[in-house]
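S.K.: So that we are looking at the same thing, I have put the structure below in structure tokens.
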Amino acid sequence: MHETDMTRALIQTLRDWWQSQPGQPQIARVHLVVGQFTCVEPASLTFAYAAQTQGTFLQGSQLVIRETPLIAYCHPCGQEYKPEIGRRYACPNCGSPMEEIRSGRELKIDYIEIDYIECSTNFTPPAQPEVA
């Protein structure tokens with residue numbers, strides 16, 4: 001289960017960011033973008049995250065995963081398509097082998113939501129624009 005190792009790396013990245021923040025705010029949600037071609041199982045990643053964040057600065061935070069589909073581009077016929085394993089990922093129009101992946105390999109932190117209510121008194125949230 002490589003999701004366990006990925007979760008460890010994710011937690012370390014989040015810890016490095018969190019320690020650099022004024023007042024070390026409470027993290028409510030971590031939003032990830034995970035491509036279908038990464039072979040990461042979202043349910044396993046969510047389980048590993050919940051287990052590994054117990055007793056840490058991330059305890060109680062939620063992992064939100066947005067999957068991106070595998071999209072390829074065929075240079076000979078100039079079309080984007082969704083590769084299928086049954087076709088050996090070849091272009092359904094002309095049969096050319098998959099050359100360029102345009103989407104589906106992503107594995108990144110999209111953004112982090114902070115729970116301002118739980119923040120320490122040293123943390124000041126950004127000013128909100130006045131509504132007329």
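In case you wondered, yes, glycine gets a Cβ from its N, Cα and C as well.
Reproduced below are the annotations present in Swiss-Prot:
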type	residues	note
BINDING	His2	Ni(2+) binding site
BINDING	Cys74, Cys77, Cys91, Cys94	Zn(2+) binding site
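Looking at the shown structure, what environment does each listed feature sit in?
M.R.: According to DSSP, His2 (Ni(2+) binding site) sits within a helical segment. Around the Cβ of His2 (Ni(2+) binding site), a 10 Å sphere holds 13 further Cβ atoms from the protein chains shown.
Long-range C-beta contacts of Cys74 (Zn(2+) binding site), restricted to its own chain and to partners at least six residues apart, with a cutoff below 8 Å, comprise Glu80, Tyr81, Cys91, Asn93, Cys94, Ser96, Met98, Glu99. Look at Cys74 (Zn(2+) binding site): DSSP puts it in a strand.
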S.K.: When you average the Cβ positions of Cys74, Cys77, Cys91, Cys94 for the Zn(2+) site, which other residues in that chain have a Cβ within 8 Å of that mean position?
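M.R.: Counting only non-site residues, the set is His75, Pro76, Gly78, Gln79, Tyr81, Pro92, Asn93, Gly95, Ser96.
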S.K.: Got a sec? Which of these binding-site residues, Cys77, Cys91, Cys94, has the most Cβ atoms within 10 Å?
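M.R.: Ranked by Cβ atoms within 10 Å, first place goes to Cys91.
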S.K.: Per DSSP, to which secondary structure element type does Cys91 (Zn(2+) binding site) belong, with helix, strand and coil as the options?
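M.R.: For Cys91 (Zn(2+) binding site) - judged by DSSP and reduced to three states - the answer is coil.
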